[in-house]
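The following features are taken from TrEMBL:
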DOMAIN    A:301-331  domain '4Fe-4S ferredoxin-type'
DOMAIN    A:379-409  domain '4Fe-4S ferredoxin-type'
TRANSMEM  A:6-23  transmembrane segment
TRANSMEM  A:68-86  transmembrane segment
TRANSMEM  A:106-130  transmembrane segment
TRANSMEM  A:155-173  transmembrane segment
């Protein structure tokens, strides 16, 4: 153990990195908690099992094999290489060098796996970059994929390559220094052993390069950690709680609006006891919440959690029947808009600001937006998008991390209909048909049983 | 085709009459608004009733007392109207002590099964595809003695509210299996099925501006799958050919797009008409295919 000023610097850097992240995380938590209450407690085993399958097991990724395998490499690389980050943390704090080497063959297995995964991650990330930038995957385009989401997608890939290069620099320099001094290097280095020729033969230089690689890797990770809240890459953390708190009920089941239930019951039965409105601690009545959602805080907190879990892959949009046939609706846009609006209205993360999108790039056509009442509904999402939804659940089914754009769409439709009476005329006609005829079409209720007239069945011999 | 020796009138049992006699049916057939009013889907209702009558199920319908479940209102955001409808219907159903409901409409099915419980309406609800599957499994329906679908090409179009909404994918396929037809799957099927375009209250309004109608996109896929037309399938987004090309003149009686939802029926039939393929492609509901294969039409 060589305790030195380096360890103190490392401690400070690590504290700063994790502290800053904790601060950002608390601000995001506050954003999510501006959403409406929704009880997602209970069913712990079922939820854990689902998290194991969908989040840890990447179950839904495997609907599309090529990206599933590429993503699996980067994901497993992330998980396994992070075991080495634990070693880096301990080494950094206590001045040890490769402290896990006591594990012997297991350490060789770990370092060897890390090296192979590191190389595969570079290959996979290169493939991702090509898919993203050579216009081969249509779902990476679309009106919501503006300057920032595009740049963000590439920044993540570049950072991952830099982290892997730092890892190889550290290992190769360390290995070569050991070799030149005829020392046994703990661990196995199936990739770095071929790279030693690239580095100089001076032992002090190799020690310096090893330190450069070591510091670049860990500082890179801490910087990346603090970049996450500004990025779609936040999904590497948020996917887990998002899947855990996702729905367990059938996809076809839409939420019941309790407040309306009380009203309707009271209307049908005058003796029905409507619960007294909630009161504030000072005794004043809590202002009633609107029906449906006009702004982000009218959505449930799970819908807001969804927005931070989205990695903008566009699978939802690519299977949306409305989007496929050229309508404005894009489920991914609804989710991205929700996050943007939260960060505009409440806490913004460190790096991202909506200004990064560039002027007038929010929505096309611009004239549909209400620039004065800049809420989620009308300020970001237009009624035209919402009314194009067929509620088919294809987007919900497609999302690898169980985001549910449909819930948000329905909440905003509810606001349009119940608070603004702003349904399309044809739907208003349908509503009045149901009210007057008990059917969505303008048929007379007295004809409802006519289908049974003159009905015969063949007598089978 | 078996010789039709006779036909007899079917008198559909109405719940109010049964209750007046102090009887209660084993199962209530929820007809739905499309099943009651839509001319095309009335044929499905009648086919399903023929099957119920043929196998001797103890059933009843609400007749004039039935009212919209509120599904289109709820999907369109009109929660108030939905709950009015739901509570009225629950009062009717509970008034008759109904425990079990069967319906041919996936929207009615989803709403009664999943959304009525929160308002106090708890029933065992089954879709007619599951019900028909049970009848087949029990040997009560054999799909014999009527029209033969042997070798005819059939593709099943998944209804969103049956499939993704309620995870019912196998029952309708099991029903079609009994026809001994040449079943082919569209690339976008089961969990990946493409909507017909009518859900979420779209049935009652024009589509938003776009470059294509959803039902045309879906009908093109269905027709190309039935035809084994690889060129067309390649031009549809992300779709590859799975079925071999259909040799000319090999498909006597025409191909069938099978559906299990009144709105899918309308959308697919409109699509087939738009594509001017009515002469060789028909759209049928599962109940119609079974009633026809069983020789129950009269």
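Cβ from N, Cα, C; glycine included.
Just so you know, TrEMBL annotations never went through curation; they're auto-generated.
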* Asked: In the same chain, who gets a Cβ under 8 Å from the transmembrane segment (A:106-130) while lying at least 6 residues past its ends?
  -> 70-71, 73-74, 76-77, 80-81, 83-84, 98, 100, 136, 154, 157, 160-161, 164-165, 167-168, 171, 186-192
* Structure fact -> Checked against DSSP, the composition of the domain '4Fe-4S ferredoxin-type' (A:379-409) is 17 helix, 1 strand, 13 coil
* **Structural state census, the domain '4Fe-4S ferredoxin-type' (A:301-331) (DSSP three-state)** => 19 helix, 0 strand, 12 coil
* So what's the mean pLDDT when you look at the domain '4Fe-4S ferredoxin-type' (A:301-331)? -> 97
